[in-house]
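A.B. asks: Quick one: the structure is below, questions incoming.
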Amino acid sequence: MHTKENSCCCSFEDCKLTTEWLLSRTRHRPKIAVVCGSGLGLLADSVSNKQIIHYEDIPNFPVSTVPGHEGCLVFGQIKGESCVFMQGRFHLYEGYSLCKVTFPVRIFKLMGVETIIVTNASGGLCQDFKVGDIMVIKDHINLPGFAGQHPLCGPNDERFGIRFPCMSDAYSKDLRKLVLDITAELGYSNFVREGVYCMVSGPNFETIAEARMLHILGSDSVGMSTVPEVTVAKHCGLRVLGLSLITNKVSLDYSREEKVNHEEVLHISKMRAEMLQNMLMTFIARSHQVETINNNNCIFSNTV
Ligand SMILES: O=P(O)(O)O[C@H]1O[C@H](CO)[C@@H](O)[C@H]1O
Ligand code: HPA
(Lines of atoms letter the chains of each structure in order from A; the text may use other names.)
(Lines give C-alpha, C1' and ligand atoms only; values in the text may rest on other atoms or scores of the structure.)
(Ligands and ions follow the chains in the order given, each with its own letter.)
Protein backbone atom coordinates (compact mmCIF):
# COMPACT_ATOMS: atom_id res chain seq x y z
CA MET A 1 0.00 0.00 0.00
CA HIS A 2 1.36 3.42 -0.93
CA THR A 3 1.28 5.50 2.22
CA LYS A 4 3.03 8.74 3.03
CA GLU A 5 5.28 6.87 5.48
CA ASN A 6 6.73 4.53 2.87
CA SER A 7 6.81 6.94 -0.06
CA CYS A 8 10.13 8.34 -1.19
CA CYS A 9 11.10 11.61 0.49
CA CYS A 10 12.88 12.73 -2.70
CA SER A 11 10.40 12.80 -5.56
CA PHE A 12 11.25 13.24 -9.21
CA GLU A 13 10.08 16.85 -8.88
CA ASP A 14 12.49 17.42 -5.94
CA CYS A 15 15.33 15.99 -8.03
CA LYS A 16 14.35 18.15 -10.98
CA LEU A 17 14.29 21.29 -8.87
CA THR A 18 17.74 20.62 -7.43
CA THR A 19 19.14 19.73 -10.86
CA GLU A 20 17.77 22.90 -12.42
CA TRP A 21 19.18 24.95 -9.54
CA LEU A 22 22.65 23.44 -10.04
CA LEU A 23 22.54 23.78 -13.83
CA SER A 24 21.69 27.46 -13.40
CA ARG A 25 24.63 27.98 -10.99
CA THR A 26 27.38 26.23 -12.95
CA ARG A 27 28.52 26.15 -16.55
CA HIS A 28 30.10 22.75 -15.97
CA ARG A 29 28.27 19.82 -17.53
CA PRO A 30 29.98 16.82 -15.90
CA LYS A 31 30.01 13.40 -17.52
CA ILE A 32 31.84 11.79 -14.58
CA ALA A 33 30.96 12.00 -10.89
CA VAL A 34 33.29 10.93 -8.08
CA VAL A 35 32.05 10.23 -4.55
CA CYS A 36 34.89 10.78 -2.09
CA GLY A 37 35.03 8.39 0.86
CA SER A 38 36.15 9.16 4.41
CA GLY A 39 39.31 11.26 4.35
CA LEU A 40 39.43 11.10 0.55
CA GLY A 41 38.23 14.64 -0.21
CA LEU A 42 41.79 15.35 -1.42
CA LEU A 43 40.88 13.45 -4.57
CA ALA A 44 39.29 16.66 -5.83
CA ASP A 45 42.56 18.62 -5.49
CA SER A 46 43.65 17.99 -9.06
CA VAL A 47 40.50 19.50 -10.58
CA SER A 48 41.11 22.57 -12.77
CA ASN A 49 38.67 25.48 -13.35
CA LYS A 50 37.21 24.60 -9.99
CA GLN A 51 33.79 25.71 -8.82
CA ILE A 52 32.77 24.76 -5.30
CA ILE A 53 29.15 24.65 -4.17
CA HIS A 54 28.43 23.91 -0.50
CA TYR A 55 25.76 21.34 0.30
CA GLU A 56 23.99 23.70 2.67
CA ASP A 57 23.33 26.11 -0.23
CA ILE A 58 21.80 23.45 -2.53
CA PRO A 59 18.02 23.05 -2.30
CA ASN A 60 16.92 19.64 -0.91
CA PHE A 61 20.54 18.52 -0.35
CA PRO A 62 21.48 16.86 2.94
CA VAL A 63 24.52 18.20 4.82
CA SER A 64 27.62 16.30 5.92
CA THR A 65 27.87 15.47 9.62
CA VAL A 66 30.88 13.10 9.67
CA PRO A 67 34.51 14.25 10.18
CA GLY A 68 36.48 13.66 6.97
CA HIS A 69 33.46 14.54 4.80
CA GLU A 70 33.78 18.23 3.83
CA GLY A 71 30.30 18.85 2.46
CA CYS A 72 30.64 20.35 -1.00
CA LEU A 73 30.39 19.63 -4.69
CA VAL A 74 33.52 20.45 -6.66
CA PHE A 75 32.91 20.98 -10.37
CA GLY A 76 35.76 21.23 -12.86
CA GLN A 77 37.94 19.37 -15.28
CA ILE A 78 40.50 16.61 -15.10
CA LYS A 79 42.65 16.31 -18.20
CA GLY A 80 39.91 18.03 -20.19
CA GLU A 81 37.11 15.78 -18.91
CA SER A 82 34.26 17.54 -17.13
CA CYS A 83 33.73 16.11 -13.63
CA VAL A 84 31.95 16.68 -10.37
CA PHE A 85 33.38 15.49 -7.04
CA MET A 86 31.26 14.92 -3.95
CA GLN A 87 33.56 15.94 -1.10
CA GLY A 88 31.57 14.21 1.57
CA ARG A 89 28.90 11.55 1.28
CA PHE A 90 25.89 10.69 3.41
CA HIS A 91 25.43 7.58 5.52
CA LEU A 92 22.45 5.72 6.93
CA TYR A 93 23.87 5.97 10.45
CA GLU A 94 23.73 9.80 10.27
CA GLY A 95 19.97 9.42 10.44
CA TYR A 96 19.29 10.07 6.76
CA SER A 97 16.86 7.87 4.88
CA LEU A 98 18.47 5.91 2.04
CA CYS A 99 16.47 8.10 -0.30
CA LYS A 100 18.40 11.14 0.99
CA VAL A 101 21.70 9.23 1.11
CA THR A 102 21.37 8.49 -2.62
CA PHE A 103 19.71 11.78 -3.68
CA PRO A 104 22.94 13.18 -5.22
CA VAL A 105 23.28 10.15 -7.51
CA ARG A 106 19.96 10.94 -9.19
CA ILE A 107 20.91 14.60 -9.45
CA PHE A 108 24.12 13.62 -11.24
CA LYS A 109 22.13 11.43 -13.62
CA LEU A 110 19.72 14.24 -14.42
CA MET A 111 22.67 16.62 -14.95
CA GLY A 112 23.98 14.32 -17.68
CA VAL A 113 26.59 12.26 -15.79
CA GLU A 114 27.26 8.87 -17.41
CA THR A 115 29.86 7.31 -15.13
CA ILE A 116 30.09 7.36 -11.35
CA ILE A 117 33.22 6.47 -9.42
CA VAL A 118 32.44 5.58 -5.83
CA THR A 119 35.29 5.50 -3.32
CA ASN A 120 35.31 4.51 0.32
CA ALA A 121 37.40 3.56 3.32
CA SER A 122 36.81 0.03 4.53
CA GLY A 123 38.07 -2.64 6.86
CA GLY A 124 39.88 -5.61 5.32
CA LEU A 125 38.35 -9.03 6.00
CA CYS A 126 40.34 -10.92 3.38
CA GLN A 127 43.39 -12.19 5.23
CA ASP A 128 45.68 -11.41 2.26
CA PHE A 129 44.80 -7.70 2.33
CA LYS A 130 47.12 -5.18 3.94
CA VAL A 131 46.37 -1.75 5.33
CA GLY A 132 46.76 0.72 2.44
CA ASP A 133 45.69 -1.76 -0.25
CA ILE A 134 43.17 -0.51 -2.79
CA MET A 135 40.35 -2.92 -3.62
CA VAL A 136 38.59 -2.59 -6.96
CA ILE A 137 35.04 -3.57 -6.04
CA LYS A 138 33.76 -6.39 -8.22
CA ASP A 139 30.55 -7.03 -6.29
CA HIS A 140 28.81 -6.19 -3.04
CA ILE A 141 26.60 -7.58 -0.30
CA ASN A 142 23.74 -5.31 0.66
CA LEU A 143 23.30 -6.44 4.25
CA PRO A 144 20.90 -3.63 5.30
CA GLY A 145 18.94 -4.40 2.12
CA PHE A 146 18.24 -7.91 3.43
CA ALA A 147 16.47 -6.26 6.35
CA GLY A 148 14.43 -3.92 4.14
CA GLN A 149 16.74 -0.91 4.43
CA HIS A 150 16.96 -0.46 0.68
CA PRO A 151 17.01 2.78 -1.33
CA LEU A 152 14.61 1.41 -3.95
CA CYS A 153 11.93 0.30 -1.47
CA GLY A 154 8.64 2.12 -1.86
CA PRO A 155 6.78 3.12 -5.01
CA ASN A 156 8.99 2.92 -8.11
CA ASP A 157 9.14 6.00 -10.32
CA GLU A 158 9.74 4.58 -13.81
CA ARG A 159 11.29 7.89 -14.83
CA PHE A 160 14.34 6.85 -12.79
CA GLY A 161 14.42 3.17 -13.66
CA ILE A 162 12.63 -0.14 -13.67
CA ARG A 163 10.99 -1.84 -10.66
CA PHE A 164 13.28 -4.87 -10.58
CA PRO A 165 16.78 -3.83 -11.68
CA CYS A 166 19.46 -6.44 -12.30
CA MET A 167 22.43 -6.11 -9.90
CA SER A 168 24.61 -8.99 -11.07
CA ASP A 169 26.67 -6.56 -13.16
CA ALA A 170 26.50 -3.45 -10.95
CA TYR A 171 30.25 -2.79 -11.26
CA SER A 172 31.16 -2.43 -14.94
CA LYS A 173 33.51 -5.17 -16.07
CA ASP A 174 35.03 -2.89 -18.71
CA LEU A 175 35.74 -0.11 -16.21
CA ARG A 176 37.27 -2.63 -13.80
CA LYS A 177 39.54 -3.90 -16.57
CA LEU A 178 40.57 -0.36 -17.50
CA VAL A 179 41.45 0.55 -13.92
CA LEU A 180 43.41 -2.68 -13.42
CA ASP A 181 45.36 -2.01 -16.66
CA ILE A 182 46.11 1.49 -15.40
CA THR A 183 47.30 0.26 -12.00
CA ALA A 184 49.66 -2.17 -13.75
CA GLU A 185 51.04 0.67 -15.90
CA LEU A 186 51.53 2.84 -12.81
CA GLY A 187 53.37 0.02 -11.04
CA TYR A 188 50.67 -0.25 -8.36
CA SER A 189 49.68 -3.88 -8.94
CA ASN A 190 51.25 -5.14 -5.71
CA PHE A 191 48.74 -3.21 -3.60
CA VAL A 192 45.67 -3.22 -5.84
CA ARG A 193 43.23 -6.12 -5.42
CA GLU A 194 39.73 -7.03 -6.53
CA GLY A 195 37.06 -8.11 -4.10
CA VAL A 196 33.59 -8.04 -2.60
CA TYR A 197 32.51 -5.13 -0.39
CA CYS A 198 29.89 -5.66 2.30
CA MET A 199 27.82 -2.80 3.66
CA VAL A 200 26.77 -2.73 7.29
CA SER A 201 24.70 0.10 8.70
CA GLY A 202 27.21 1.17 11.37
CA PRO A 203 27.94 3.34 13.24
CA ASN A 204 29.78 0.84 15.42
CA PHE A 205 32.63 -1.17 13.96
CA GLU A 206 32.01 -4.93 13.84
CA THR A 207 32.22 -7.35 16.71
CA ILE A 208 34.58 -10.26 16.12
CA ALA A 209 31.67 -12.67 15.69
CA GLU A 210 30.07 -10.34 13.11
CA ALA A 211 33.37 -9.97 11.27
CA ARG A 212 33.75 -13.76 11.14
CA MET A 213 30.24 -14.08 9.76
CA LEU A 214 30.86 -11.47 7.04
CA HIS A 215 34.08 -13.24 6.08
CA ILE A 216 32.31 -16.61 5.80
CA LEU A 217 29.64 -14.93 3.65
CA GLY A 218 32.31 -14.02 1.09
CA SER A 219 33.06 -10.38 1.98
CA ASP A 220 36.60 -9.17 1.42
CA SER A 221 36.03 -5.78 3.01
CA VAL A 222 33.39 -4.05 5.11
CA GLY A 223 32.16 -0.48 5.34
CA MET A 224 29.10 1.62 6.07
CA SER A 225 28.39 3.19 2.67
CA THR A 226 28.61 2.81 -1.11
CA VAL A 227 26.04 0.06 -1.68
CA PRO A 228 22.98 2.38 -1.63
CA GLU A 229 24.68 4.80 -4.04
CA VAL A 230 25.72 2.00 -6.39
CA THR A 231 22.25 0.44 -6.29
CA VAL A 232 20.58 3.72 -7.25
CA ALA A 233 23.26 4.42 -9.87
CA LYS A 234 22.66 1.04 -11.50
CA HIS A 235 18.89 1.56 -11.28
CA CYS A 236 19.15 4.76 -13.33
CA GLY A 237 21.68 3.35 -15.81
CA LEU A 238 24.97 4.91 -14.70
CA ARG A 239 28.22 3.04 -15.28
CA VAL A 240 29.86 2.31 -11.94
CA LEU A 241 33.44 1.95 -10.77
CA GLY A 242 33.98 1.26 -7.06
CA LEU A 243 37.31 1.69 -5.26
CA SER A 244 37.74 0.77 -1.63
CA LEU A 245 40.79 1.76 0.39
CA ILE A 246 41.62 -0.75 3.11
CA THR A 247 42.26 1.49 6.11
CA ASN A 248 42.37 -1.23 8.79
CA LYS A 249 42.41 -4.98 9.19
CA VAL A 250 39.23 -6.26 10.75
CA SER A 251 39.95 -8.56 13.63
CA LEU A 252 38.69 -12.14 13.24
CA ASP A 253 40.64 -13.27 16.26
CA TYR A 254 39.82 -12.77 19.96
CA SER A 255 43.51 -12.65 20.87
CA ARG A 256 44.20 -9.52 18.78
CA GLU A 257 44.50 -6.34 20.81
CA GLU A 258 44.24 -3.67 18.06
CA LYS A 259 41.14 -1.48 18.20
CA VAL A 260 39.91 0.31 15.09
CA ASN A 261 38.82 3.95 15.27
CA HIS A 262 37.73 6.65 12.82
CA GLU A 263 40.91 8.74 13.33
CA GLU A 264 43.01 5.81 12.12
CA VAL A 265 40.69 5.40 9.13
CA LEU A 266 41.14 9.08 8.21
CA HIS A 267 44.90 8.92 8.72
CA ILE A 268 45.35 5.97 6.33
CA SER A 269 42.96 7.51 3.78
CA LYS A 270 44.99 10.70 3.69
CA MET A 271 48.24 8.74 3.37
CA ARG A 272 46.98 6.82 0.35
CA ALA A 273 44.92 9.58 -1.29
CA GLU A 274 47.75 10.58 -3.62
CA MET A 275 48.03 7.07 -5.13
CA LEU A 276 44.30 6.87 -5.52
CA GLN A 277 44.35 10.30 -7.13
CA ASN A 278 46.96 9.18 -9.71
CA MET A 279 44.80 6.17 -10.55
CA LEU A 280 41.69 8.31 -10.85
CA MET A 281 43.27 11.00 -13.01
CA THR A 282 44.54 8.47 -15.52
CA PHE A 283 41.25 6.59 -15.39
CA ILE A 284 39.19 9.72 -16.01
CA ALA A 285 41.42 10.78 -18.90
CA ARG A 286 40.94 7.35 -20.50
CA SER A 287 37.41 6.41 -19.47
CA HIS A 288 36.04 7.43 -22.89
CA GLN A 289 38.01 4.44 -24.26
CA VAL A 290 35.31 2.29 -22.74
CA GLU A 291 32.19 2.56 -24.80
CA THR A 292 29.15 3.99 -23.10
CA ILE A 293 26.68 1.18 -23.07
CA ASN A 294 23.31 2.67 -22.50
CA ASN A 295 21.79 0.01 -20.34
CA ASN A 296 19.80 2.95 -19.21
CA ASN A 297 16.45 2.30 -17.70
CA CYS A 298 16.01 5.95 -16.81
CA ILE A 299 13.85 7.59 -19.44
CA PHE A 300 14.38 11.16 -18.27
CA SER A 301 18.16 11.51 -18.42
CA ASN A 302 19.40 14.74 -19.99
CA THR A 303 15.89 16.12 -20.26
CA VAL A 304 15.97 18.48 -17.30
O1 LIG B 1 32.44 4.63 3.59
P2 LIG B 1 33.12 5.89 3.90
O3 LIG B 1 32.25 7.09 3.74
O4 LIG B 1 34.43 6.04 3.17
O5 LIG B 1 33.49 5.86 5.47
C6 LIG B 1 33.93 4.75 6.22
O7 LIG B 1 34.62 5.27 7.32
C8 LIG B 1 33.72 5.51 8.41
C9 LIG B 1 34.25 4.77 9.61
O10 LIG B 1 35.53 5.19 9.95
C11 LIG B 1 32.37 4.95 7.99
O12 LIG B 1 31.53 5.99 7.54
C13 LIG B 1 32.75 4.02 6.87
O14 LIG B 1 31.71 3.77 5.97
O1 HPA C 1 36.46 -1.89 9.82
C2 HPA C 1 35.54 -1.18 9.33
N3 HPA C 1 34.24 -1.54 9.46
C4 HPA C 1 33.23 -0.79 8.95
N5 HPA C 1 33.44 0.34 8.31
C6 HPA C 1 34.70 0.74 8.14
N7 HPA C 1 35.18 1.82 7.52
C8 HPA C 1 36.51 1.79 7.61
N9 HPA C 1 36.92 0.71 8.29
C10 HPA C 1 35.79 0.03 8.64
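Each Cβ is built from the backbone N, Cα and C atoms, and glycine gets one as well.
Caution: TrEMBL annotation is automatic and unverified by curators.
In case it's useful when we look at the structure, here is the feature table from TrEMBL:
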- Ser38, His69, Arg89, Phe90, His91, Ala121, Ser225: phosphate binding site (BINDING)
- Glu206, Asn248: purine D-ribonucleoside binding site (BINDING)
- 31-284: domain 'Nucleoside phosphorylase' (DOMAIN)
A.B. asks: To see if you understand the setup: which same-chain residues, six or more apart in sequence, place their Cβ under 8 Å from that of Ser38 (phosphate binding site)?
C.D. replies: Val66, Gly68, His69, Asn120, Ala121, Thr247, His262, Val265, Leu266, Ser269
A.B. asks: CB neighbours of Ser225 (phosphate binding site) within 10 A?
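C.D. replies: Other Cβ atoms found within 10 Å: 28.
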A.B. asks: Measuring Cα to Cα, how far is Phe90 (phosphate binding site) from Asn248 (purine D-ribonucleoside binding site) in Å?
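C.D. replies: The Cα atom of Phe90 (phosphate binding site) is 21 Å away from the Cα atom of Asn248 (purine D-ribonucleoside binding site).
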A.B. asks: Averaged over the domain 'Nucleoside phosphorylase' (31-284), what pLDDT does the prediction give?
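C.D. replies: It averages 94.
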A.B. asks: Calculate the distance in Å between the alpha carbons (Cα) of Arg89 (phosphate binding site) and Asn248 (purine D-ribonucleoside binding site), and round it to a whole number.
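C.D. replies: So the alpha carbons of Arg89 (phosphate binding site) and Asn248 (purine D-ribonucleoside binding site) sit roughly 20 Å from each other.
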A.B. asks: Excluding near sequence neighbours, so keeping only residues 6 or more apart in the same chain, what lies with its CB under 8 A of Glu206 (purine D-ribonucleoside binding site)?
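C.D. replies: Correct list: Gly123, Val200, Leu214, Val222, Val250.
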A.B. asks: Given that the record lists Ser38, His69, Arg89, Phe90, His91, Ala121, Ser225 as binding phosphate, what is the largest C-alpha to C-alpha distance among them, in Å?
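C.D. replies: For the residues that bind phosphate, the greatest Cα distance is 14 Å.
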A.B. asks: Please list, in sequence order, those binding-site residues from His69, Arg89, Phe90, His91, Ser225 with the Cβ less than 6 Å from ligand 2.
C.D. replies: none
A.B. asks: What's the CA to CA span in angstrom from Ser225 (phosphate binding site) over to Asn248 (purine D-ribonucleoside binding site)?
C.D. replies: 16
A.B. asks: I want the residues beyond Ser38, His69, Arg89, Phe90, His91, Ala121, Ser225 whose C-beta is within 8 angstroms of the mean position of the phosphate site's C-beta atoms, in chain order.
C.D. replies: Gly37, Val66, Gly68, Gly88, Asn120, Met224
